[in-house]
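J.: Pasting a structure here, questions to come.
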Amino acid sequence: MPKLEMMLLVLLIFPLSYFIAAGGQVVQVDRRGDGLAGYLQRGDRDVQDCQVSTPGSKWGRCCLNRVCGPMCCPASHCYCVYHRGRGHGCSC
């Protein structure tokens, strides 16, 4: 088998092993440093998207619990409610 064909075959098989090792789920490698957001959004965690501090910035606040308005709820069983005159808040 020529070298080029062998390299192409290896390149085709190599990513497949990662796919199988992950249990058949697509594994997305994040090389920009936003891996924490991807980690928090996996599984059955009750995680909302990170809130961006300033428009155009990738920095913000990530919560392990539900995001409600500008804050994170203190526990995973809390949910976000709207209080008339006071705005949004967590109800636990």
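Here, residue 1 is simply the first one shown, and the rest follow in order.
The backbone N, Cα and C atoms fix where each Cβ goes, glycine too.
According to Swiss-Prot, the feature disulfide bond maps to Cys63-Cys72, Cys68-Cys80, Cys73-Cys90, Cys78-Cys92, an assignment based on similarity to another entry. According to Swiss-Prot, the 4-hydroxyproline annotation covers Pro55, Pro70, Pro74, on the basis of experimental evidence. Per Swiss-Prot, signal peptide is recorded for 1-24.
Context for these features, please: burial, neighbours, distances.
T.: All protein chains considered, the CB of Cys72 (disulfide bond) has 17 other CB atoms within 10 Å.
Sequence-distant neighbours of Cys80 (disulfide bond) (same chain, 6+ apart, CB under 8 A from its CB) are Arg66, Val67, Cys68, Gly69, Cys73, His88, Gly89, Cys90, Ser91.
Within 10 Å of the C-beta of Cys90 (disulfide bond) there are 18 other C-beta atoms, taking all protein chains into account.
Around the Cβ of Cys78 (disulfide bond), 17 further Cβ atoms fall within 10 Å across all displayed protein chains.
Around Pro74 (4-hydroxyproline), a 10 Å sphere centred on its CB holds 12 further CB atoms from the protein chains shown.
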J.: Rank the disulfide-bonded residues Cys63, Cys68, Cys73, Cys92 by the number of other Cβ atoms within 10 Å of each Cβ, and give the residue at the low end.
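T.: If we count Cβ atoms within 10 Å for the disulfide-bonded residues Cys63, Cys68, Cys73, Cys92, the smallest count is at Cys92.
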J.: Going by DSSP, is Cys68 (disulfide bond) sitting in a helix, a strand, or coil?
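T.: DSSP assigns Cys68 (disulfide bond) to strand.
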J.: Within 10 Å of the Cβ of Pro70 (4-hydroxyproline), how many other Cβ atoms can be counted across all chains shown?
T.: 9
J.: Quick check for the class: what is the C-alpha distance, in angstrom and rounded, between Cys78 (disulfide bond) and Cys72 (disulfide bond)?
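T.: Per the Cα atoms, Cys78 (disulfide bond) and Cys72 (disulfide bond) stand 10 Å apart.
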